[in-house]
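Worksheet: one structure, shown below.
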Amino acid sequence: MKLYNIKDHSEQVSFAQAVKQGLGRGQGLFFPEQIAPLADVDALLDKPLVARSVAILKHLIGDELSQEQLQQMVGTAFSFPAPLAKVADNCYALELFHGPTLAFKDFGGRFMAQCLTAFSTGEKITILTATSGDTGAAVAHAFYGLPNIEVVILYPEGKISPLQEKLFCTLGGNIRTIAIKGTFDDCQAMVKNAFDDEELKKAIGLNSANSINISRLVAQVCYYFEAIAQLPKAQREQAVIAVPSGNFGNLTAGLIAKALGLPVKRFIVATNANDTVPRYLAEGTWDPKETVPTLSNAMDVSRPNNWPRVEELFKVKGWDLKELGYAARTDEETRASLKKLNAEGYLCEPHGVIAWDVLQSQLAADETGIFLCTAHPAKFKESVEDILQIELPLPKALADRADLPLLSTFMPADFAKLREYLMA
Ligand SMILES: *Cc1c(COP(=O)(O)O)cnc(C)c1O
């Protein structure tokens, strides 16, 4: 697989390089040189998840990974299902939260861990990442116990939910977690400082695991095929997919799936009050506002990292951005739709339900809608219980860790301290 830097087409890299490097020069994103359609999509759709995903990834990645390697990597990474739940005759929920950390980020995080292992030449790698909750858990569990990889995760002390903290700060081993006295922005700034520090970077083999990594995106392409594969054949050509979006990695993966030949009639972007993209699609001006906290906090992003990839894809495919549906929802609307969907018999959470609500308002009579459920309702236990006035049992993944002791180190928001810690 050849990729180029969107900001500087003269920078061309292999898949392995793109995975190891993350970002190109000038913070430019890597984009596939070619996305050739798959030969026989119908036959692929008849295969089971792992076999089909191996075929898709082999087609995308090419010779850099052998069939056998991919088989082993995908089998390990995609060890849980992505069921399509019927919500109404013309509406389905794609449940992406059956992995070890109960969010869709398990697909990308686990495949990225496999890729870094496969491309490792034996040198030590340190993955340093900042999290406001979901990414930290997915990365920690994905990299736990892998040889030659140290993981250091920074999070704002007291600003993530107690259950989120238990999920990734109780592992130990090669996973170190640091509670920073500050905000998520402070954590992110410390990570950036570390990446600007050439001496440190070299000494500890610094790498990042954030959502701009191409290995996470190609993994996510696979569950769009899994969604359509589970749809009754008569409904396949009329499928419309609504994606609850923050950094727009998920949407990018869906669009790559369509470029590969997956029958998806159109996509709909659903955001919360952080609505830079819906306003851009409506008015044509890119005007990010200050990020506001919402019930769907994993989508509290006003400068989405992956948007340049979406635009690039529309450009190279000759698609029209006008084909992309869009809408934003307030917290008040999110509460109302969570109740409404629950009354219709489906328990959701504040991210997925925004996609459901937007889908309801934009689906034509002859279309079939699919909305992506990006996290397990129990991950947002406090707000879901409060809005629906119910009690949610803890899923095993959370219950198993709820009573374990926290292993985090505490640190002020001071890069010098972090540097000292990493060099020790
Ligand atoms: C990360 C996340 C999102 C946003 O996905 P993007 O790929 O960043 O658009 C939505 N919902 C949940 C639960 C998430 O964790």
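Including glycine, each Cβ sits where the backbone N, Cα and C put it.
Feature annotations, courtesy of TrEMBL:
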type	residues	note
DOMAIN	7-78	domain 'Threonine synthase N-terminal'
DOMAIN	92-365	domain 'Tryptophan synthase beta chain-like PALP'
MOD_RES	Lys105	N6-(pyridoxal phosphate)lysine
For the domain 'Threonine synthase N-terminal' (7-78), mean pLDDT (0 to 100): 95
Residues of the domain 'Threonine synthase N-terminal' (7-78) by DSSP state, where helix covers H, G and I: 42 helix, 10 strand, 20 coil
Three-state secondary structure, the residue listed as 'N6-(pyridoxal phosphate)lysine' (per DSSP): helix
Lys105 (N6-(pyridoxal phosphate)lysine) CB neighbourhood, other CB atoms within 10 A: 28
